[in-house]
């Protein structure tokens, strides 16, 4: 089973670390568990290597070297069999199953197919599918070519489908946008036509409490993930043959900038803040009549807003306050749920107890305020 294979890989990883730390008994225990879960010649060779050359805890040079040699051979064989053309792309090993899984995601036509769920899937179904795939495709665990892009596609798929409004829009227009994006960018872009507001790496950290370092993923200030090779490719494609060509290509961007600037001038900033903001003059504290929400205004607020206009402002204040509570409550619940899942996945009782305590008081408080 796929779950047994993932657990076996985790046991192998722990065993290799134990060998490096001169803990042969611990290494042997986890290797035997891995062999029971998902028997492979590689694990059998590691077990034989430890059994043939037992050493005291403080003197383990020969088993360690033999085991590392066996591991390197197994990793090299997996890499060569997985993809001969991509062998030089990464110095880390990967399996044929990982390459096939990346290929499956790459060939998916919509977000539902990426997550492996039906169009009528519930929120719980989406969470289960995302947890399984995110751990499987995270760039620090899966080193197959294209795994990083597949991880991004999985995160974007969940972020869109878990948002009721975005999911409704995607069900109506997502396929058309996905086709336009694929025609414009090729298969390597993994459905860039319909973006989410949260980056896949941030989403992973919310679910699993930052279980992996983001060494291969670049997240910029707008919260969406981009990759350097896409930028270099776009720059090469957008280079014009002359000044007129450059001007024609830049014309849509200039128009967009002009429209954005005009819209900023036409839209005034809110006359209130939910927190103290001296930089914009919101220093005077007020409380709404209905929900007693605290907000801050400028010196001239009392003269400019009275009667119905004041009621409208306070209604907007309360709407913003409730939206913030819902967002914070959802994030804290997701983070706690992710920590609990990781604790159960790794069988760590201390982590489970910590997850039961961390974040719970604030999450309950925010939800109760609603």
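Even glycines carry a Cβ here, placed using N, Cα and C.
Bear in mind that the values here come from a model prediction, so they are computed numbers and not experimental data.
As annotated by Swiss-Prot, N-acetylmethionine applies to 1, with the evidence given as similarity to another entry. Residues annotated as region 'Disordered' in Swiss-Prot: 51-92. The domain 'J' annotation in Swiss-Prot covers 110-174, and the record cites sequence analysis as its basis. Taken from Swiss-Prot, the feature pros-methylhistidine applies to 185, supported by similarity to another entry. Summarising the annotation, Swiss-Prot assigns transmembrane segment to 242-262.
Secondary structure by DSSP for the domain 'J' (110-174): 46 helix, 0 strand, 19 coil. On the 0 to 100 pLDDT scale, the model's mean across the domain 'J' (110-174) is 88.
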